[in-house]
Each structure stands twice: as C-alpha cells, then as structure tokens.
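K.L.:
Mind looking over this structure? Questions follow.
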C-alpha cells in the first residue's frame, strides 16, 4: 500500500481531478447530480475532483462512466493503442499481430488513420 505521495503523483491526481470536474461542468452537471448518477458519495466525488482523496478504482470508474469517459480512459491504457506499446510487444513476443488482438480504432480519436500516414 502506498502511504506517501510524491509531488509528481500529487500533481497528476490534482490534474486528473480538475479534468473530471471540467467534464462535469461542461455537461452541465452539479457535483450532487454526478455523485448520484455514479452512485458515489458527494465526499468521494469531492476527493476525486480535488485529487486529495483515495477513491476505490470502482468509484473512479463509476464517475468516469457517468461522464462518458470510461471507455476512452481504458482504451488509452491498451498497449495496442500506442506506438510504444506495439513496439514493446513486437520486441517481446515477435509480430504483435500474432496474439490476436486488434486495437479499437474508435478509441484512437487523435491518431491519424492508416491512409493519412501514407
């Protein structure tokens, strides 16, 4: 169990929380409305949005899902959705395509298509 937060980790938590709060506000939701939709307490949401809490992963995912962000966040951690991840897989297991997984193109909104890269 992590007992101390590094300054860098604290900054990342604050930034993530601020981004979640921005998404909530952009969608016209009050904190109480989002907490209710996500089935978390208002205190849990406050901790997430300020980056000072230690929410359970299922609480964080519930909030992200309620904002329509869960799939994007999950896809962003898929090694298939990054050049670096695919390169590491190629290095470790050979041709990456042999393991039978293909990235979700819808989860890569900021990456150019194969046709654009030519």
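Just so it is clear, glycine is given a Cβ too, placed from its N, Cα and C backbone atoms.
Quantities reported herein were computed from a predicted structural model and do not represent experimental measurements.
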K.L.:
Have a look at 73-95, 96-118 and point to the one annotated region 'Disordered' in TrEMBL.
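P.N.:
The range carrying the region 'Disordered' annotation in TrEMBL is 96-118.
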K.L.:
Write out how many residues of the domain 'HTH cro/C1-type' (20-73) are helix, how many strand and how many coil, based on DSSP.
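P.N.:
Counts, helix then strand then coil: 38 helix, 0 strand, 16 coil.
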